[in-house]
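J.: I am attaching a structure below and will ask some questions about it afterwards.
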Amino acid sequence: GLPICGETCVGGSCNTPGCSCSWPVCTRN
């Protein structure tokens, strides 16, 4: 639900807990 996690997920995965990949960036729920 919240905006960008400050992480990109061009490779398809996010390392930051609670973040999911909304290509090409990670977003929080």
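Glycine too: its Cβ is placed from the backbone N, Cα and C atoms.
Pulled from Swiss-Prot, these are the listed features:
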| type | residues | note |
| --- | --- | --- |
| DISULFID | Cys5-Cys19 | disulfide bond |
| DISULFID | Cys9-Cys21 | disulfide bond |
| DISULFID | Cys14-Cys26 | disulfide bond |
J.: I'm trying to understand the geometry here, so how far is the Cα atom of Cys21 (disulfide bond) from the Cα atom of Cys14 (disulfide bond), in Å to the nearest whole number?
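T.: Rounded to a whole number, the Cα-Cα distance is 6 Å.
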J.: What is the Cβ neighbour count of Cys9 (disulfide bond) at a 10 Å cut-off, with all protein chains included?
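T.: Other Cβ atoms found within 10 Å: 19.
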J.: Under 8 Å Cβ to Cβ from Cys14 (disulfide bond), same chain, six or more residues apart: give me those in sequence order, or none if nothing qualifies.
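T.: Looking at Cβ-Cβ distances below 8 Å from Cys14 (disulfide bond), excluding near sequence neighbours, one finds Cys5, Glu7, Ser20, Cys21, Cys26.
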J.: Same chain only, sequence gap of 6 or more: which residues have a CB within under 8 Å of the CB of Cys19 (disulfide bond)?
T.: Cys5, Glu7, Cys26, Thr27, Arg28
J.: Name the residue among the disulfide-bonded residues Cys5, Cys21 whose Cβ has the smallest number of other Cβ atoms within 10 Å.
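T.: Among the disulfide-bonded residues Cys5, Cys21, the sparsest Cβ neighbourhood within 10 Å belongs to Cys21.
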